[in-house]
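The annotation substrate binding site is assigned in Swiss-Prot to Arg19, His131, Thr353 on the grounds of sequence analysis. Annotated pyridoxal 5'-phosphate binding site per Swiss-Prot: Gly106, Tyr107, Ser178, His206, Thr234, in sequence order, evidence recorded as sequence analysis. Taken from Swiss-Prot, the feature N6-(pyridoxal phosphate)lysine covers Lys237.
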Amino acid sequence: MTRSIAGELQQLREQGLYRSLRTVAGSQGSRVVAEGREVVLLCSNNYLGLADHPSLKRAAVEAVERYGTGSGASRLVSGTMELHAALEERLARFKGTEAALVFNSGYAANSGIIPALVGRGDVVFSDRLNHASIVDGCLLSRARFVRYPHNDMNALERLLAEHRGAGRMLIVTDGVFSMDGDLAPLPALVALKRQYGALLMVDDAHGTGVLGESGRGSAEQFEVAADIDLQMGTLGKALGGFGAYVAASAEVVELLINRARSFIFSTSLPPAVLAAARAALDLVDSPEGKALRRRLARSAALFRDALQEAGFDTMGSETQIVPALVGEAEPAMTFTRRLLEEGFYVQGIRPPTVPAGTCRLRCTLMATHDESDLERAVAAMARIGKELGIV
């Protein structure tokens, strides 16, 4: 019998796992209008506030006036514009690599890069808390897919030793884990990839523009950028735009151009997006960018400390992603609704995004948040958390 779609939707509702879209009005600043009222936005990845920055908007408008609204084709047909080449050259300089390649999204990047690098007879090692796009890329590759416990380097070493000689070996990790806000131990991963002759790929979607002295990401923070084979990141979080990139050797980029299906078979990014990304990189390199990173780091530390003092488990967060552990799905979503009523938009996170029993409020900080708004948010969370028996 054909499985009922209506029945499947009802089951999601009964399990507290049903999802729906909420429309917000205005730009992605620290405040938006949701359900007819202005609220403080605490779940955006617009970490530096660049999505509404005048420099990015001006660059996008000028690009549209000169180049039009679309690229017209995939990159290997006629869709490689001078803006693509200019952005990729800028990204390579930004990351200190020989070359870079842009993709249409972080999901498209990971689901295209990994199958281009490994296949049948090869092995890919993935942290158990890696992003879904990495998981799907590993599955699509048809390589042997080995998941190691989160940040457990002893377990990873045992698995590498077990599979030594099994073909090409690829280690893939998030740089900043998107649901916990903690960091991958990159120096230890570099040591293991050297010892076992593996490739190392780091998805730095949530570190690009934020971490490191000059905003180059988690690899810069740990001073291991030169030892990472592929540095992937996005243009749509701290950089305020849309799309993704990978920075690597010229040889690796050449292989991806020829093998990454999500790159080959997609119409390329449009002019406005490309120009805005270049403007964002310039801003990250400026004194203003440095000031924004410092303000973000300060706000994140104050917010995290205040939540911990209020009794919340912030799950080892070290970055601008600050989760507050709730536990089960129903109280997490009740918490979300109550906070919205109080004027704070925080999204509850449920399975399959996170493991069962670890539902949470995923709070994300922006450099443009007012400290007073963050203080009020913590007070509201503490009050509601006590009412729900969470703290």
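Every residue gets a Cβ built from N, Cα and C, even glycine.
Put plainly, the binding-site residues Arg19, His131 were compared by Cβ crowding within 10 Å, and the winner is His131. Binding-site extent for pyridoxal 5'-phosphate: residues Gly106, Tyr107, Ser178, His206, Thr234, maximum pairwise Cα distance 14 Å (rounded to the nearest whole number). When the neighbouring Cβ atoms lying within 10 Å are counted for each of the binding-site residues (Ser178, Thr234, Thr353), the highest count belongs to Thr234. In the three-state DSSP classification, Tyr107 (pyridoxal 5'-phosphate binding site) falls within a helix. Of all the recorded positions in the record (His131, Lys237, Thr353), the one with the smallest CA separation from Ser178 (pyridoxal 5'-phosphate binding site) is His131.
When secondary structure is read from DSSP and collapsed to three states, His206 (pyridoxal 5'-phosphate binding site) falls in the coil class. Residues Arg19, His131, Thr353 are the ones the record ties to substrate, and the longest Cα gap between any two of them is 19 Å. For the pair His131 (substrate binding site) and Tyr107 (pyridoxal 5'-phosphate binding site), the Cα-Cα distance reads 9 Å. Sequence-distant neighbours of Lys237 (N6-(pyridoxal phosphate)lysine) (same chain, 6+ residues apart, CB-CB distance under 8 A): Asn45, Asn46, Tyr47, Ala205, His206, Thr208, Gly209. In this structure the alpha carbons, written CA, of Thr353 (substrate binding site) and Tyr107 (pyridoxal 5'-phosphate binding site) are 14 Å apart. Not a single one of the binding-site residues Gly106, Tyr107, Thr234 has a C-alpha within 10 angstroms of the C-alpha of Arg19 (substrate binding site). Same-chain neighbours of the pyridoxal 5'-phosphate site beyond Gly106, Tyr107, Ser178, His206, Thr234, judged by a C-beta within 8 angstroms of the site's C-beta center, are, in sequence order, Asn45, His131, Ser133, Asp203, Ala205, Gly236, Lys237, Ala244. The number of other CB atoms found within 10 A of the CB of Gly106 (pyridoxal 5'-phosphate binding site), across every protein chain shown, is 24.
Long-range C-beta contacts of Tyr107 (pyridoxal 5'-phosphate binding site), restricted to its own chain and to partners at least six residues apart, with a cutoff below 8 Å, comprise Ala132, Ser133, Asp136.
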